[in-house]
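> Quick one: structure below, then a few questions.
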Amino acid sequence: MEISELLAQAANLMLTGMIGVFLFLSILIFAVKALSKLAATEQESQQPATKKSSKPVSTGVPAAHVAAISAAVSQFRQKN
Amino acid sequence: MDGLLNLWQATGIANLTFPALSMIAVGCGLLYLAIAKKFEPLLLVPIGFGAILTNIPVAALSEPGGLLYYVYYIGIDSGIFPLLIFMGVGALTDFSALIANPRMLLLGAAAQFGIFATLFGAILLNFIPGFEFTLQDASAIAIIGGADGPTAIFLASKLSPELLGAIAVAAYSYMALVPIIQPPIMRLLTSDEERSIAMPQLRVVSKREKILFPLMVLSLTLLFLPAAAPLVGMFCLGNLMRESGVVDRLSNTAQNELINITTIFLGLAVGSKLAADQFLTVETLGILVLGALAFSIGTASGVYMAKIMNRVSSNPINPLVGAAGVSAVPMAARVVNKVGLESNPHNFLLMHAMGPNVAGVLGSAVAAGILLALVN
């Protein structure tokens, strides 16, 4: 094949390739933005529910117990 | 007496040719770079050793029936090894910087200009007597500019297997040279003022977004560019395993044991392609020159794109982060951080550069898919 013909093909490939890469990644930009909005709205609607459920868990174990257990664990680790 | 003569004929000394000896020297050179200079040692040690093994006379390790022949045939000819590595890279990649600032994808796209400009340059080299690159060869060489070892090996094995050794060595050598090649270009194209631009802090990305991201990339590939599906698919699988949080064992295997085992054999198989008749040619020299060119153009176009975006956008963008668009994760991002700190010691650009950096990985996989679709 003639070099000039190859060059024309390469130039063509360069153009289509760059357009292709930009198009694909631009679509991805919009998709990611849409995804972020979707995730943000879902999080907002879920927030009140998570607040309620998290409270009883934190009050289940008194702070004094947590401190005592962690002190025991660290003592155990130091010994071994 | 005959027995002695036969024994002599079976020794390496009697069969050693000059080209094989020079390739063994090349192998030793790669080992030296890996061990003494710490250039991509994880890859250059097996590649260099593979180069020595394949050039051992009489043993014929790379002929049908030899160990390296089978390793190459099973792992690279089939395209499996680079894809397994890509899965591991996916499991190692954190996309949160990109999801927080998706416009950085444009930088990853711009840096791929290095690939396509080099493709043109490789064909231009045909004007010099001694070079006869086909469009397939040129595409395989150009992908070095994607600064992504597994992608380069995958594409070369599909388009131009006879150049694979030289392309893989060039790709990995230049990736090791990123801290030397990039900074002068970055300094040349930006002013001190631009280099010290601080960027706003990135928002926190939710787990749900991180889980949906690989699935979304995969569905876009499915719709628009199925030719990139092997690369993007394995990458997304690795990333989903990481982010889903329910298969930590698989994710850990993909990013540690599996990627390590594959790297050993991938390196050996690439080294086995460093045979004298394929490597000691003027074309290898051309590939090395074109590879450096591809890297430099990719860096420059990324920086220019970032400069344009900085002018247009309401949020300031430091043009240096554009240089990270040539994947080479995470080396390119570290280089950006380092050059940025030289101008402004309080300006840490690492997280901002990770966005274009991982965008570059996607960009080069997409570019490889386009080349596969159009050239094959």
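The backbone N, Cα and C atoms fix where each Cβ goes, and this holds for glycine too.
Okay, so TrEMBL annotates it like this:
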TRANSMEM  B:12-35  transmembrane segment
TRANSMEM  B:42-61  transmembrane segment
TRANSMEM  B:67-92  transmembrane segment
TRANSMEM  B:104-128  transmembrane segment
TRANSMEM  B:140-156  transmembrane segment
TRANSMEM  B:163-181  transmembrane segment
TRANSMEM  B:211-237  transmembrane segment
TRANSMEM  B:258-276  transmembrane segment
TRANSMEM  B:282-305  transmembrane segment
TRANSMEM  B:317-336  transmembrane segment
TRANSMEM  B:356-375  transmembrane segment
> May I ask whether the transmembrane segment (B:140-156) has at least three C-beta pairs under 8 Å with the transmembrane segment (B:163-181), counting pairs 6 or more apart in sequence?
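As far as Cβ distances go (cut-off 8 Å, pairs 6 or more apart), the transmembrane segment (B:163-181) and the transmembrane segment (B:140-156) touch.
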> Which listed range (B:12-35, B:104-128, B:140-156, B:282-305, B:356-375) shows the maximal number of Cβ pairs under 8 Å with respect to the transmembrane segment (B:258-276)?
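Highest pair count goes to B:12-35.
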> Give the nonlocal contacts of the transmembrane segment (B:42-61) in its own chain as ranges (CB under 8 Å, at least six residues past its ends).
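For the transmembrane segment (B:42-61), the sequence-distant neighbours (Cβ-Cβ under 8 Å, at least 6 residues beyond its ends) are 10, 12, 15-17, 20-21, 23-24, 26-31, 33-35, 67-69, 149, 168-169, 172-173, 176, 263-276.
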> For the transmembrane segment (B:211-237), name the stretch out of B:140-156, B:282-305, B:356-375 with the most CB-CB pairs under 8 Å.
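Comparing B:140-156, B:282-305, B:356-375: B:356-375 has the most Cβ pairs near the transmembrane segment (B:211-237).
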> If we skip the immediate neighbours and take only residues 6+ beyond the ends of the transmembrane segment (B:356-375), which ones have a Cβ under 8 Å from one of its Cβ atoms?
86, 89, 93-95, 97-98, 104-105, 107-109, 111-112, 115-116, 119, 135-136, 139, 142-143, 146-148, 151, 154-155, 158-159, 217, 221, 225, 227-229, 231-232, 235, 302, 306, 321-322, 324-330, 332-333
